[in-house]
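S.K.: For reference, the structure I am asking about is given below.
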Amino acid sequence: MDLVSSLPDDVRCHILSFLTTKESALTSVLSKKWRNLFTLVPNLDLDDSEYLHPEETKWEREEILDSFLDFVERVLSLQGNGPIRRFSLRCESGVPPARLNRWLCKVLQRGVADLELIIDFEDGYLLPRELFVSETLVNLRLKSEFGCIHWWPGAEGTFLPRLQSLDISSAMVFCDDKLQKLLPCFPVIEELRLVGMEWIDSHVTVSCATLTNQLLLSSTGSRTSKNPKSVSFDTPNLLSLAYSDLVAEDYPLVNMKSLFKARIILGVDDDQIARMRAPTNYLSEDDVVRRFGNVVKLMKGIQNVQQLHLHSDTLEVLSMCCESMPVFNNVKTLGIKSDYDRGWQAVPALLRNCPHLETLTFEGLVHHVTDKCGDACDCIFRKDKGRSLKSCPVKVVEIKEFRVTMKEMHLIEHFLDNFPCLKEMKIYREEYDPSPFGNDPQVDDLILDMIEEYKDIYSCNVQLLEPCDKWDEQ
């Protein structure tokens, strides 16, 4: 007898808990001692992708999916009513609603604490009521890449007393109640991630003192207006914020005094950007973009952060409040995502107002050139060239998505000339370079020669590196 087989059942079950349910089920053929031992494991990890292969025909795939669903049914039946800690089901081809609800009710009755569903839900599918009143759920994750997730229409009866983490991600998330009414239903929640959320009205409030680890909100807008009328945050103990939404007309309350990290995407369309760039006297008194300057209230509310990451659309919105930009005394890391059609008007104000900045990261060195571009770039000649850079104490500059163009090289030289405390510059090449010189070895050699010259001319350590991870909205 092998040493593992001689171990007690509870020890072998613990070993099996590190495997997927399919892998642990395969151990049943080892010997009688292993037969159906996997049914005692309190964690179920069921994934249809382990059964499917791209080369299979449609008929074969349907047959295999039916076999997978039958396997899930058998496993739950063999386990009986024993306690279960985790139930993870990934079936992106979908599950018949009646069957899925039967499984969910079964694991909820057995006291599941960690529930994960990655399924393309059918149109109109509603999760069972039992899920919204579970007394054992600690972590709940719902993901549907192409389908829509409907939070239970009777959500006023929701109460999940132990839920600490709620993660909902979908093409569209519908909730028939206001978020501020729903959050009290989770009295100990620490992490909230809602991706694809549609606000029920145009006034949004996120108020929760227990949120600490993370708040990720990615909204598709409001049912009643294009841009939210107001968005408020009262989360005094929150450490990490990732917020993506259409820019609101007002941010009347932003209480995030404990915030350590913020990633902000404030969406605007091309027409709104054109109006923001126009002279103020060209705008009517009731033009919504006049009120976009209220974004300064959001920035003041998060000004204690140490890590701040801003999307290219956000930079355009911030151009409406450059004069009133708050000072970010604690910011050590500033990240900027660039785009050809979005301007850098706000970048000089940001650099001036981060007096203790240590690391500056650009994802892309491209931007739309305007007469308000400021002195952070060298696109337009100015007598005070590089003034905002010369007052910036940044020590490390990271440049991602480098596309091997001379325009980028000129901007890199501009940084090297004007950042007085710069010690290190890391340049990461674009993985799929769209530029005409992306695969030209002569251009590569020229760029490498220029970078070697920089090392001789400047005290800064300049490195050309392989591609790295790109902007992460979460």
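If you go along the chain as it appears here, the first residue is 1 and each next one adds 1.
Cβ from N, Cα, C; glycine included.
Copied straight from Swiss-Prot:
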- 1-62: domain 'F-box' (DOMAIN)
- 140-170: repeat 'LRR 1' (REPEAT)
- 171-196: repeat 'LRR 2' (REPEAT)
- 220-245: repeat 'LRR 3' (REPEAT)
- 281-312: repeat 'LRR 4' (REPEAT)
- 339-364: repeat 'LRR 5' (REPEAT)
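Describe each of these features in terms of where it is and what it packs against.
M.R.: Each residue of the repeat 'LRR 1' (140-170) gets a DSSP state, and the totals for helix, strand and coil are 3 helix, 17 strand, 11 coil.
Tertiary neighbourhood of the repeat 'LRR 2' (171-196): same-chain residues 144-151, 153, 155-156, 158-165, 204-208, 210-220, 474, selected by CB-CB distance under 8 Å and a gap of 6+ residues from either end.
Residues 172, 196-214, 251-267, 288, 298, 301-302, 311, 473-474 of the same chain sit 6 or more residues outside the repeat 'LRR 3' (220-245) yet have a Cβ under 8 Å from a Cβ within it.
Counting only same-chain residues 6+ beyond the ends of the repeat 'LRR 4' (281-312), those with a CB under 8 A from a CB of the stretch are 227, 231, 233, 241, 244, 247-266, 268, 272, 275, 318, 320-321, 324-339, 342, 350, 354, 361, 367, 471.
If you average pLDDT over the repeat 'LRR 5' (339-364) in this model, you get 93.
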S.K.: Please report, as numbers and ranges, the same-chain residues at least 6 past the borders of the repeat 'LRR 1' (140-170) whose CB is under 8 Å from any CB of it.
M.R.: 92, 94, 113, 115-127, 129, 131-134, 176-177, 181-182, 185-197, 213
